[in-house]
Structure formats: C-alpha cells, structure tokens
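What follows is a single structure, written as structure tokens, with notes after it.
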C-alpha cells in the first residue's frame with residue numbers, strides 16, 4: 001500500500017537480488033518508498049540491477065561483491081550523492097558492508113553488520129571490531145549537526161522483548177549482553193533514536209523470521225533491522241512498521257522491510 005504525504009524510508013535485507021528482484025520491484029511499486037536501504041545484495045558491482053531500478057523510478061548507489069554482503073541506497077525522484085563507500089577503518093575492507101549518501105537533505109548510512117557466529121571465534125572478533133569502528137563513525141556523523149539516519153541489518157537483538165524466546169539466544173552472537181547489546185546501547189547514549197522502539201513501546205515488532213520450523217507462522221521472530229535517527233529526524237518521526245506480508249511471498253527473504261514515515265519539512 002502506498003504511504004501518505006510524508007517521507008518513507010525503509011531498510012530491507014533482501015538476501016540476494018538475483019532471485020528476489022521481481023519481489024523487490026513489486027514492493028517498490030506498491031509502497032512508493034522514497035529512500036530504501038538494501039543489504040545482502042550478493043551481487044558484484046557489474047551485476048547490480050541498474051536498468052530495472054531506473055525503469056522503476058529509482059536512482060541508486062551501491063557497494064557490491066560476489067556471493068556475500070553488499071549494500072545499496074535507492075532514492076525515488078532524486079539522485080543520491082555518494083559520500084562514502086565502505087566503513088572507515090573497517091577491519092576487513094574486502095567485505096562490502098557500508099555505504100553512505102546524501103538524499104534530499106538527509107545523510108543516509110546503510111549498513112550490514114557482521115553476524116558474528118560462532119562466538120567466540122574470528123567471525124565474532126570481526127563483528128566486535130566492526131561495531132567499534134562503526135560506533136566511532138556514528139559519533140562523528142552526529143557531530144556534523146545535520147539530519148542523519150543509519151538504517152540496516154545490525155545483526156543485534158537490542159533487548160529481551162525483541163526476540164520471541166530470549167533464553168534460547170543468551171549465548172548467540174546476535175544477543176550477547178556484554179558485547180553486542182552493549183554496543184547498540186552505546187549508540188543510543190550518543191544521541192541516536194531507535195525509531196521502531198519509539199513508536200512501538202508496548203509490543204514486539206519483528207522484521208526477521210527463520211526459514212525453519214514455521215517461524216513466521218508462530219511469530220517466532222527477531223528484531224535485527226533498525227533505523228537510528230539523529231535528533232533532527234526524531235522530531236519528524238510519525239510512524240514505523242514492518243511489511244510483514246513480504247516474508248510470506250514466494251521465494252521471500254528471511255527478512256521483511258522495516259520502515260519509518262517522516263513528516264516533510
């Protein structure tokens with residue numbers, strides 16, 4: 001359903017553009033989202049679907065690699081101005097996990113945080129270092145004193161009410177309280193606003209359900225996808241949600257798009 005008169009910004013871990021492009025294009029046409037952050041493209045630079053997105057009315061910047069990772073920012077009706085491709089001081093810059101662009105007066109950072117499992121191990125160490133460098137960069141963005149949004153798959157469950165069965169996840173790299181949950185909390189302490197949690201204070205809003213054991217049907221979800229706002233945008237926040245029905249479509253990603261609506265200036 002098309003949104004109203006505000007500005008809709010969405011984040012969507014698409015889990016591969018190759019097999020899900022038709023679903024993405026149908027969703028873009030249906031919602032007319034103004035800005036979309038995509039993660040897990042699983043496509044190199046040369047295979048990004050430029051023509052199809054352009055025909056759908058979207059301009060774009062992207063940072064892709066074969067088989068894994070990859071991030072993109074789409075913009076309807078305006079050209080995003082690339083400001084950064086790759087996270088500063090990324091401990092492994094070969095992994096395409098961050099891109100940043102200015103879109104209609106808003107600085108948009110699109111991120112795909114490493115999963116980190118199994119913990120402990122090298123993947124866990126990489127996640128912790130990546131989050132450390134991201135936290136430094138996030139603080140620098142706030143210091144610019146301009147409207148900023150950091151949207152993407154954080155691979156962090158911020159609190160126990162953000163997962164269907166918290167006891168099961170206590171030792172998982174998505175949930176470890178003294179590490180990743182602490183890292184997320186440190187972002188909020190910097191001054192970032194978690195948009196979904198601000199709107200939905202009394203119930204869980206899940207954008208992720210595993211493919212196994214009918215997780216979506218059982219509402220056995222996780223909140224991994226977040227949209228963090230600088231104070232300039234917090235004042236304009238009108239609504240937030242998840243397009244849950246996308247998870248039920250044929251060949252769906254295990255994530256559904258999470259979105260916010262902002263009042264126009």
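Just so you know, glycine gets a Cβ as well, placed from its N, Cα and C.
Nobody curates TrEMBL annotations by hand; they come from automatic prediction.
As recorded in TrEMBL, the features of this protein are as follows:
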BINDING   13, 153, 155, 254, 255  Mg(2+) binding site
ACT_SITE  112  active site
SITE      155  site 'Transition state stabilizer'
SITE      225  site 'Important for catalytic activity'
SITE      255  site 'Interaction with DNA substrate'
ACT_SITE  255  active site, proton acceptor
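Feature map: TrEMBL annotations on the structure.
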{"residue": "13", "record": "Mg(2+) binding site", "DSSP (3 states)": "strand"}
{"residue": "112", "record": "active site", "DSSP (3 states)": "strand"}
{"residue": "153", "record": "Mg(2+) binding site", "DSSP (3 states)": "strand"}
{"residue": "225", "record": "site 'Important for catalytic activity'", "DSSP (3 states)": "strand"}
{"residue": "254", "record": "Mg(2+) binding site", "DSSP (3 states)": "coil"}
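For the pair residue 13 (Mg(2+) binding site) and residue 225 (site 'Important for catalytic activity'), the Cα-Cα distance reads 8 Å. Within the set of recorded positions (153, 225, 254), the lowest number of other Cβ atoms found within 10 Å of a Cβ is recorded at 254.
Note: the Cα of residue 225 (site 'Important for catalytic activity') and the Cα of residue 255 (Mg(2+) binding site) are spaced 8 Å from each other.
Of the recorded residues, residue 155 (Mg(2+) binding site) and residue 112 (active site) place their C-alpha atoms 8 Å from one another. For the Mg(2+) site, the Cβ centre of 13, 153, 155, 254, 255 serves as reference, and the other residues of the chain with Cβ at most 8 Å from it are 15, 39, 40, 207, 208, 224, 225, 253.
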